[in-house]
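Here's the structure we're looking at; comments come further down.
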Amino acid sequence: MASIDHRCGAVILAGGIGRRMGTCDKPLLTLGGRSILERLIAILSLQCQALAISANGDPHRFFPWSLPVLSDDIEGAGPLAGVLRGLDWAAVQGLDSLLTVPGDTPFIPPMLLQRLLPAPCVAVSENRRHHLVATWPVSCCGLLRQRLEAAIACPDRGALSVKAFADLIDVREIVFDTEWFDPFFNVNTPEDYQAAIEMLEHKVDHDRV
């Protein structure tokens, strides 16, 4: 659970279309008898005061998990639209910060939130910045909305960049260990899915030693 000084919620970003996976809902893919979504919920629910799912389309597919399903309210703004919707929700919940995690990352570490506070912070592994594995101060909500609305009104793809906005609010980079595997490995292709299955098997074998 986040410290009392940092009331933080989490949003699982499940809005992307898995085109390379046959347009499936990647968070619903099964690993070791549980969906990626279930794995994320199990870890994040122990760290955060509140939890929600960011997804467009029919929300009923996520109803079995009894979590709020947040749809974008600015079309065409990309992943930052999901971040903004999450910040709006977090503000209503009386939270100070928001953790975002892509819905196709099954191996996030159990101490993720603790490492990424105070916000804003972004996770880094193997010299790669994982732009959506990040914490955002709820206070940046107004700035983000203004930026996205302006970018849509006068098309500016640069203003829709997650990295550009994170840099604007002076995000800190937090490096994570990759001794066994990249904790932010994400499933984009059938090959990635098979690799994730094998990674889970190796992890289970290692945990038994």
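The backbone N, Cα and C atoms fix where each Cβ goes, glycine too.
Between the candidates Asp58, Asp72, Asp73, Asp88, TrEMBL assigns the GTP site shared with Leu13, Ala14, Gly15, Lys26, Asp104 to Asp72. For the domain 'MobA-like NTP transferase' (10-149), the number of residues in each DSSP class (helix H, G, I; strand E, B; coil) is 52 helix, 38 strand, 50 coil. Within the group of binding-site residues (Leu13, Ala14), the Cβ with the highest number of other Cβ atoms inside 10 Å belongs to Ala14.
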